[in-house]
Amino acid sequence: MPIEIVCKIKFAEEDAKPKEKEAGDEQSLLGAAQGPAAPRDLATFASTSTLHGLGRACGPGPHGLRRTLWALALLTSLAAFLYQAASLARGYLTRPHLVAMDPAAPAPVAGFPAVTLCNINRFRHSALSDADIFHLANLTGLPPKDRDGHRAAGLRYPEPDMVDILNRTGHQLADMLKSCNFSGHHCSASNFSVVYTRYGKCYTFNADPQSSLPSRAGGMGSGLEIMLDIQQEEYLPIWRETNETSFEAGIRVQIHSQEEPPYIHQLGFGVSPGFQTFVSCQEQRLTYLPQPWGNCRAESELREPELQGYSAYSVSACRLRCEKEAVLQRCHCRMVHMPGNETICPPNIYIECADHTLDSLGGGSEGPCFCPTPCNLTRYGKEISMVKIPNRGSARYLARKYNRNETYIRENFLVLDVFFEALTSEAMEQQAAYGLSALLGDLGGQMGLFIGASILTLLEILDYIYEVSWDRLKRVWRRPKTPLRTSTGGISTLGLQELKEQSPCPSRGRAEGGGASSLLPNHHHPHGPPGSLFEDFAC
C-alpha cells in the first residue's frame, strides 16, 4: 500500500522575524566581506588630511570652544587666501609687460637705410599740356584754357594716362639734384629709384635690399648728403582750393628699411628750403609681445598671400593693400601708388571717388584698415636739427655757380644730411612682467602661508569627493530587491525518508489489512481512492 506522509509545519510570525533578521545580517556581513570598503567619513578624512587646521576643526573628538575657535581660524585663513588669490588672478589677467633696452656693441659696418624724398608739388606747371590741364582741372583746380570751361569744338584730347602724366609732369631728380655724396663718394640721380606715392613721382636712395649700401662710420660725412633745388617757379598757381591744394614749399622725406614701402604722406617729415637739415639716425630693433599681451603679428602669420606685391609684411604694405582693396571695390580701379596690375583710375575718378574713399578709411584699431605691428620690427630713430643757408658769401657763390640770383638760392635750395649717430643698434624688447610661472609661485606662497596646503592637498580633497560621490552612485544603482513574505507562515512538504530522519516520533501506521488501527485520529484519508488507506503522521 502506498503511504504519503504530509507534515504541516506552521511558524508564528514572531518566530520568523528573528530568523529573517539573522539571515539578513549574515548576508550583509558576507557582502561587506566581499565588496569594497565604505568611504571614510568627514572626521576620519579631516584627521588624516595635510590641510593645516582641518583635523582640529573637523576631526574626531568632543565639540567645544576649542574646536569652534579652530574652525573660525580655518575659515578666516581660507577667506584671506581666496582674497589674495583673486587679487593675483586680476593682476595676471591685465597682462602687464615691461620694456627691456639693450644697447648693442658697436659694429664695424651697419646697413644704411632707404631714404625716400618727394617734392611737395606734384605737377610742374611748365610740363602740363592743354590736355593735361583739361583732364586735371578737378584735381589741380586750374581752369581750362577755354574761357567757357570746355575744350574747343572739334578738338579731341586723348584718354588720360595717369602714370604717363605723373612721370612726365613730375619734378625730375636730374634737374633738382645739385650735389650728392655718400660716405665721401660722389653719387648721382642714377643711384635713386623712382617710386610713386600720394605726392606723385618720388625717389628712393638705397632702395634695393639685395645690394644695400653699408655705412662704415658714424657722424656727419659718413652718410648721405644732397643739395636740392625744389623749383618753386614750377609750383602750380592756386585758382581754387581742392583736396590736392598745397600751400607748402619743400620736400617730404621718409627714412625706412628696404623691406618697407614708403608711406610718406603720413610717416614723412618736411625739409624746408633755405636750411641745411641734419638727421641723426639710430637703428632700433623692436620685439613686441603677441596675444594676449599685445596686438603684434607673429611670425607664423606673416607669410600669408594677402600682401601681394611686397616681399615682407609691414604696416605700410598692409595699409596700402587695404586702401587698394577699398578703392578697387568702390571705384573699380586703383591709384598709381597702389600695388597690383588692375586698371589705373583716370584723373576725374581720383577727385570724385578715390580721394573720398581714402578719407573715409580709419587708421585706428576699429577701422577697416587696422594693420597690426609685426612682432619683430626694425625702425630708425631720428634727431633733426637745422641751420640756415646760404650765408652771404655762399649765396653769391651759388648764384654764380648755378646761374641764379641770390633770392632764388635762398627760396629754393636746401641741403639734407642723413647719417648714423653711431654704428650701434638699440634693442628694445617687450617682456611679460607677470607670467604664469610667477602667478603659480605667488599662489603657492599664499596657499602655504594661510592654509598650509599644496597641490597634493588639493588632490586629497578631490580624491575624497570622488570617493564619496562614487559610493553614493553605487548605492543608488544597486538597491536590493525587497523579498516577498506571507503573513501566515508557510507549509513545507517533506518526503517520507526525510520525515523519518528528522521526526523524533516513530511511525504508528500499519499496512492495509493490519489488525490494529492507528492511534492518530482521522486515519482514513478523506481524499484517498477507494480501497486505499492513508495514514497521517504528526510531529
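Placement of Cβ uses the backbone N, Cα and C atoms for every residue, glycine included.
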Looking at the disulfide bonds in Swiss-Prot, identify which of C281, C369, C371 pairs up with C318.
C371
Swiss-Prot annotation N-linked glycosylation site: which of N181, N376 has it?
N376
Which residue range, 187-207, 418-438, 439-459, is the one Swiss-Prot calls transmembrane segment?
439-459
Cα within 10 Å of C371 (disulfide bond): which of the disulfide-bonded residues C202, C331, C333 qualify?
none
Can you tell me how far the Cα of C318 (disulfide bond) sits from the Cα of C333 (disulfide bond), in Å?
18
Per-residue Cβ crowding (10 Å cut-off), top of disulfide-bonded residues C118, C187, C331, C353, C369:
C118
How big is the Cα-to-Cα gap, in Å, between N191 (N-linked glycosylation site) and C180 (disulfide bond)?
10
Once near-sequence residues are set aside, which residues in the chain of C180 (disulfide bond), 6 or more away, have Cβ atoms under 8 Å from its Cβ?
H186, C187, S188, A189, N191, L224, E225, I226, M227
